[in-house]
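What follows is one structure encoded as structure tokens, with my remarks underneath.
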Amino acid sequence: MRKLLLLIAASLLGVGLYAQSAKIKLDAPTTRTTCTNNSFKQFDASFSFNEVELTKVETKGGTFASVSIPGAFPTGEVGSPEVPAVRKLIAVPVGATPVVRVKSFTEQVYSLNQYGSEKLMPHQPSMSKSDDPEKVPFVYNAAAYARKGFVGQELTQVEMLGTMRGVRIAALTINPVQYDVVANQLKVRNNIEIEVSFQGADEVATQRLYDASFSPYFETAYKQLFNRDVYTDHGDLYNTPVRMLVVAGAKFKEALKPWLTWKAQKGFYLDVHYTDEAEVGTTNASIKAFIHKKYNDGLAASAAPVFLALVGDTDVISGEKGKKTKKVTDLYYSAVDGDYFPEMYTFRMSASSPEELTNIIDKVLMYEKATMPDKSYLEKVLLIAGADYSWNSQVGQPTIKYGMQYYYNQEHGYTDVYNYLKAPYTGCYSHLNTGVSFANYTAHGSETAWADPLLTTSQLKALTNKDKYFLAIGNCCITAQFDYVQPCFGEVITRVKEKGAYAYIGSSPNSYWGEDYYWSVGANAVFGVQPTFEGTSMGSYDATFLEDSYNTVNSIMWAGNLAATHAGNIGNITHIGAHYYWEAYHVLGDGSVMPYRAMPKTNTYTLPASLPQNQASYSIQASAGSYVAISKDGVLYGTGVANASGVATVSMTKQITENGNYDVVITRSNYLPVIKQIQVGEPSPYQPVSNLTATTQGQKVTLKWEAPSAKKAEGSREVKRIGDGLFVTIEPANDVRANEAKVVLAADNVWGDNTGYQFLLDADHNTFGSVIPATGPLFTGTASSNLYSANFEYLVPANADPVVTTQNIIVTGQGEVVIPGGVYDYCITNPEPASGKMWIAGDGGNQPARYDDFTFEAGKKYTFTMRRAGMGDGTDMEVEDDSPASYTYTVYRDGTKIKEGLTATTFEEDGVAAGNHEYCVEVKYTAGVSPKVCKDVTVEGSNEFAPVQNLTGSSVGQKVTLKWDAPNGTPNPNPNPNPNPGTTLSESFENGIPASWKTIDADGDGHGWKPGNAPGIAGYNSNGCVYSESFGLGGIGVLTPDNYLITPALDLPNGGKLTFWVCAQDANYASEHYAVYASSTGNDASNFTNALLEETITAKGVRSPKAIRGRIQGTWRQKTVDLPAGTKYVAFRHFQSTDMFYIDLDEVEIKANGKRADFTETFESSTHGEAPAEWTTIDADGDGQGWLCLSSGQLDWLTAHGGSNVVSSFSWNGMALNPDNYLISKDVTGATKVKYYYAVNDGFPGDHYAVMISKTGTNAGDFTVVFEETPNGINKGGARFGLSTEANGAKPQSVWIERTVDLPAGTKYVAFRHYNCSDLNYILLDDIQFTMGGSPTPTDYTYTVYRDGTKIKEGLTETTFEEDGVATGNHEYCVEVKYTAGVSPKKCVDVTVNSTQFNPVQNLTAEQAPNSMDAILKWNAPASKRAEVLNEDFENGIPASWKTIDADGDGNNWTTTPPPGGSSFAGHNSAICVSSASHINFEGPQNPDNYLVTPELSLPGGGTLTFWVCAQDANYASEHYAVYASSTGNDASNFANALLEEVLTAKTVVTAPEAIRGTRAQGTWYQKTVQLPAGTKYVAFRHFGCTDFFWINLDDVVITSGNAPSYTYTIYRNNTQIASGVTETTYRDPDLATGFYTYGVKVVYPNGESAIETATLNITSLADVTAQKPYTLTVVGKTITVTCQGEAMIYDMNGRRLAAGRNTVVYTAQGGHYAVMVVVDGKSYVEKLAVK
């Protein structure tokens, strides 16, 4: 990836570009830069430009012109005219001095006056992000602008910069432009041809240095050199291993071990040292000297470290002050050559304690090993261009847009690119919690924060991205200043436990706008104009996505620093300079990590079954470019890189000399790692399976393999031909010990002359080719008597000897020997004493009876029978095995045995936990086991085993009853093709209407469904919803809507359930009409015809056309709709209503229905001789003979697979037939597979059939084939069946054959078609089983019940359990869900068994709430030993017996009349509560420390406190409070230890400091329970430790003596239960129609229930009310006028206050929406309006 073209001019702050420009065409057709004839001695280069562009600019110093040339940078002395120049980084050989010779160029002068151009603008210095733009002076050198004649640099310049990792770097600058400021003329030199020669170059030393320092990890840097091709002839680069020098604080030795082990396993050669070593030391100087020596020593040995890891904070490894930055830097630990270029990739794992280091390491190991349970977050990134008035648009936005345009997009695999280019930044950091793989922020920063949008170290500590760790880059000031007095931002984000980042790249000093821009996108000459790939050099974004490179976190930082180096000026350093940036940027965390780019690929690899010892190298197959490492116990033995053919030669730096299991790790950039073990030692004599494959469907894993080639477990017979006359029979040897085999040699006077044979076995298997010749006899002439004993450990017969007699050969009969199973060389001899020759049998056959490395499997008996074959004794080998159970298969998952005793070559496991798993299959023989063969499997989904929900327990007498709900809300890891699909869709509209939804304005009035937010339109218990209007504000008036809101496409093969919340925006204008539809086809209005739900929202009262619409929002109601199978879209339609107000919709959720039950068709209900019941048949050939049911009770020759009935179709039935018969199932929508059994006539087996599916109907033309076959030669039985009396001759039935066929999605019907055959006999079908997809049925898991820790019942499928005869006393009952893959957490409930009286409630009353149609029930708690000590609802204010303390002394305290309005906020289920403020409207932020203290209490035995608390504004909710108890006094000093302390949960992120607080949704009321200690006298509620939120509300404080309540209340209306689990002694039943109601309240105890107490109530209608506004609001043109007897404020929709005042406020608006807030007599009014 190379970038050459650089674009136009720079515009620094204080410079604004006009759209006034001119282009001067030059004397070259194109802009072009080339490097040719590249060698160690020289290279040629050419530079040509096709145009100069002039742009008029306005600056603080006046009007100037900016000049730019494609591919050039702006240069010049600060304050002098700025001209463009070209800059290239070049490699310079060792010892060389680069000399430039200009071969030719053209030159032309251009008068800028002819183009109406001003003088060229003065060159400006770089601007730090810490600078105040208003205080930065505009630099103008008057003397420079008075010079006459052309001024400028020499045409070419070269400057040596330093040495970077073995390559000397220089900057080559071309200055094509000179300028005469007085004459206002440009001199342009073009078509420049130069030669750069390297005088004094030492080619040998250059190559030696490059070879010694080379590592593929530095290719990112090498690729940025102009003449980089000089090194393309380098040797075998990929044999260069990765080396890392680690210097760590001594206290980290133990914590560092897991990381060191992993890095060694990954293939890093580690050199680890600690600061307690004398040669390392503890000072900066000693550590630096030690590191430099290590690097130089390594360089001399061609083993220079690639990475330098510093472990610890500055207390153990200090940094040093930068020469340029004057801030802490680690640069000089790795800049060994004395310049500012480092030689090693350096990173610091900064930790102050071993625990913090463990936090960093745990994240790194999970990320690098890819063990995170959900990898989908890797496809998401967060990109933020932070706030800055000028530079956000000039630098921030172009930077982020560049990243999105070229890399972070769908083309590169990213599903979600959360980008925030400018304010508002609402909710931007919430994505860190839900999961992103990369977060990049560019703008301002501090030591402990990203500045705007603000992300502090405190917020980092509160992140919740467990298992979703990311790389973060902060292009901002000082966030990586790691010697700051407290942990800096970069340290905290990496140190936090189970959250945050695994690495952070950031700057220690202030960073600069221009250089940060170059750092990210590459060097260029443009600010404020979108950069292009072609117009920039390589930046950090580009380096991240380099293919086939080792892209590490460190290399990303290097690429950024090199881009800043590229942009530096030659001779006139007006930028801050490259040296500054190499000192500035650091990697905190692990810089050696290779970040994944979206979803990583899967490596294709093959490992040998075992490795031999003492090898110099091993070959391992892996994806090309993979790095392969072999290690054991954290010690690295060898590494290698897979070549283009996918073969890695792993060179062993430490040879393997011991048997055992060794780790093999395969890594490659953007590939998932392979982490395996491989056995070292002799190959196992037990043959493994072959061709193991694994597939997944949902949480179901299917394994398939082939049996060991030596035999088949199904009992088949295999014959292998070896030669002409040798038969080897292999059978189980049950009479030998484990790991042994028996060899038998048998003969029967083969030649009739009493000559015989010997069997010689060499256990060392090293005699073949030497002692045992490849051809010819074993020996000729007389052999030494020790020939056998010296070479062959085992002989048959046992006394075999080279001196042949009839006693030491096998002539007739057999001999045997028992040997250890394993690999042998062997030969079978045929002695010829007369000639003195020892022949080897079978010499004239196809394969002589001599073998090199033959495997004798343990537990087997090998019988070699000698036979005559023609004129010689050639060889045949027969392998026999008549025992189908001679071995079985064992299956392992993740090292755990999960199934053994298998005989089939397939295995299925359902309900597998989500994540990566390794499945292995092992063959278990009688005497031993084979090596495992393994396969990696990734199962998608969630890992959690869902427990039961809502467990309750009760007792009556000694009978205990438990009830619970089935597991829900989490995927069910259980035997199912597709476990619980969970929620298909969930939308709260907090961020508007998603792009995937569709809206249709069918009436065409321009008003469709819209997103709404407070103020004005509050969602259901949230800030936002969607709405549709039948009356519009702002002068719109009456509307007649026909508006559709349509979901994205859904997948509901079995239907689903829709729930949503709906309300009328104005309770007095509530009669909005709407309907819900489902479509199984498209999402146009015409696709929605039959409503599933249609209704008109109930009005609360009589309306008046003049009422103030929108003041009182109606009640939110939840609706539930069943969706039919196949639903693809759901539509919400607002229509047939007019002149109301708005209908609001929120919290739409759709869940897929559970699967249909699996079912099996046995045909037992069908009648012999008739078509099968509930199936459809088609006789397509019209011969009158289709599918029929047959019964074995009617036909002697027939045997059903199960039961007595089958279905059949004939191709011969007394005469030849040509069948085309369909057997069609009923509707099987949702089926994923069909399993069936078939049989044919064993003598005429060719009846062809097909399995077909239809997604539509049951006509023959609706079906397509998914599987077909022609049965042939089954030959497996038939003897047990009788002879056919119907067929022509004996035609026995075959055995039943099982088949399973996968069905495609959308299958509705399945057909079995019998066709394409004739004159055979029949095909039979039986036991057809359909497996259905979807969520689990109740029997997919079972329940286990425990009492007091003892299991008392398991295998339950119902959600209830009863046990009688339970002993009196307290018992704990628990219920656990048992899945195939694991068990859920237990859910428990306490049950008391006794004869206690179950007391009812007391003093139940029912009354109609004032000015509403609600009923309010109140009662007293049931009589009990517990006494209610205090019960306060603050309805009459704060009682005098309570005490308030304004500890901060600001005059604001707890109150029931909060300013500015003076009216109480709504209480919990009442009108009034008590409140304390951290922000008061019109006053601003508060810093409360306010106490609310109870009256004196008497709780000698302790007690229980319950209260309700909420934030008044859900968007400003983070109020901090605590509860204390005092046993002494009631002053603030008496309350020391908090019993409860917390921050209320915020619903959304605060969007604007000036938002109208309190006018949006009130926060959720939470009930809290606190146990009070014995002797408590006072309880205090303290509001403190927070500022600038809004108000905290407190209500319904109840204190009882003794233990917490042990009962709840159940509420009934007209004998129907309407609520349960109620804990307070009041209940509100809203929105009732007029009429009489009977209410009941029951007390539910843990072990019983009370009688129901009742009360009656008559709800009457409300009187007509016409609300009057205490203000007037008019809009005339664009002028808004508010008149009132109070205060008025006008806001925009971002919450910014635009105007405010008393009595009359006038504001001239732009077009858009506004909110008006009026406060009159302590009451607040808010109205939303639109200005056109």
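Placed from the backbone N, Cα and C atoms, the Cβ positions cover glycine too.
The model shown is predicted, which means the values in this text are computed figures rather than measured ones.
The signal peptide annotation in Swiss-Prot covers 1-24. The active site, proton donor annotation in Swiss-Prot covers His444 and is backed by a curator's inference. What Swiss-Prot lists as active site, nucleophile is Cys477. The annotation compositional bias 'Pro residues' is assigned in Swiss-Prot to 970-980. Look at Swiss-Prot and you will find Asp1446, Asp1448, Asp1450, Asn1452, Asn1490 tagged as Ca(2+) 6 binding site.
Feature annotations (Swiss-Prot) mapped to structure.
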residue	record	Cβ within 10 Å
His444	active site, proton donor	21
Cys477	active site, nucleophile	25
Asp1446	Ca(2+) 6 binding site	16
Asp1448	Ca(2+) 6 binding site	14
Asp1450	Ca(2+) 6 binding site	14
Asn1452	Ca(2+) 6 binding site	19
Asn1490	Ca(2+) 6 binding site	26
Roughly how many angstrom lie between the C-alpha atoms of the residue listed as 'active site, proton donor' and Asp1448 (Ca(2+) 6 binding site)?
34
Around the Ca(2+) 6 site formed by Asp1446, Asp1448, Asp1450, Asn1452, Asn1490, which additional residues qualify by having Cβ within 8 Å of the site's Cβ center?
Ala1447, Gly1449, Gly1451, Asn1453, Gln1486, Pro1488, Asp1489
Can you tell me how far the Cα of Asn1452 (Ca(2+) 6 binding site) sits from the Cα of the residue listed as 'active site, nucleophile', in Å?
39
Fill in the CA-CA distance, Asp1446 (Ca(2+) 6 binding site) to Cys477 (active site, nucleophile), as an integer in Å.
41
What kind of secondary structure is Asp1450 (Ca(2+) 6 binding site) part of, going by DSSP in three states?
coil
Report, in whole Å, the straight Cα-to-Cα distance of Cys477 (active site, nucleophile) from Asp1450 (Ca(2+) 6 binding site).
37
Per DSSP, three-state class assigned to Asn1490 (Ca(2+) 6 binding site):
strand
According to DSSP, does His444 (active site, proton donor) fall in a helix, a strand, or coil?
coil
